[in-house]
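As annotated by TrEMBL, domain 'Vacuolar sorting protein Vps3844 N-terminal' applies to 19-110. Annotation comment: TrEMBL describes 225-332 as domain 'Vacuolar sorting protein Vps3844 C-terminal'. Residues or ranges marked as transmembrane segment in TrEMBL: 297-319.
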Amino acid sequence: MLYVYDHQANNAVGQPMVSLKADAARLVIASRLGLDQHHSLQGQSESALEEIDRLSGQSSFLSSTDASVALILSTADQQGVPFVPTDSIQIKECPDLNSAEKLLTDLAHQSGIDSLADVERSTVSSETGPAFRIAKDSLEFADAVKTLITQYNTVLVLTVPKATSKNTFGSYDGLAHQKRYVKEAPLITETTKTAPHLKATLTPDAKSNKTYNQTAPLRGILPGCFASLSACESMTRNCTGHGSCTLKYTDKDAGDLGGKCYSCACKAEVRTNADGTKKTTNWGGPACQKKDIVMPFWLISSFSVFMMFTVSWGIGLLYTMGSQELPSVIGAGVSGPVRK
């Protein structure tokens, strides 16, 4: 189970319990902790994306600081949390405690925490990042909740079973990174999906011409595959008008993840000039946003090499002419008078 307690939530009464897969629950946790950039939305269904969007809140990239978020990991033998959660999430095929501890450790490393030696005895946090705590028994759990709920605006409680399980929280970037600092709004990329950006992807307005006609350049590194046609069209702005989203392939071994890969198929742009000649422009990139400059590149490169060769040849010719001796006839004419 994953419980969310948010002081800033608009709803005073807890929302109905929802059910998500383990990797989707991980995305909710990462978004709440402000660590979206290390976790990909690829492979999530439309319904799961909508729930992730709703449960992610406003706490990741839009807040001035994310130090007001805490994550508590505990076992599932608790009879309930000592507060009314804002949201309750039932995790399908929930991983065991070892997998959950690995996830918490990776999240801590991603937030800039190098050591978690005291995480089972006290709360560990970075200078500007979220806080983490592991409480395995009921007394530690009650103490952790009582303390953190008064110090942090948002408290996440992840409860997992003690029994060994082969289930995992999915794949993600678990390597340690340099210490994080407060993110500024201009650095938000198109591929990093926080709640407001994800809403723009999922709502029907994402298919309108208004979304596709945005002139601002696409920022960040776009994925090569998208889980659905609508996600491809919205995130690439309908391939920036230089192509269309198509089903590239289907992975039959993907199971519940869908396995569908939608990507942009770029089309050449043919323009007729005033004199009747035609100019063809090719486009590439994950959103067909990159203009093919192969021909101009080779023209400039060839001209540069030719000019370098010409200048080198001219300098060499002048050097050769200056090193040659004058003919003997010219030398005799300029000699002095003969003494009598």
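Glycine too: its Cβ is placed from the backbone N, Cα and C atoms.
Note that TrEMBL annotation is computational and uncurated.
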With DSSP as the yardstick, break the domain 'Vacuolar sorting protein Vps3844 C-terminal' (225-332) down into helix, strand and coil residue counts.
51 helix, 28 strand, 29 coil
How many of the residues that make up the domain 'Vacuolar sorting protein Vps3844 N-terminal' (19-110) does DSSP mark as helix, as strand and as coil?
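Secondary-structure composition of the domain 'Vacuolar sorting protein Vps3844 N-terminal' (19-110): 40 helix, 16 strand, 36 coil.
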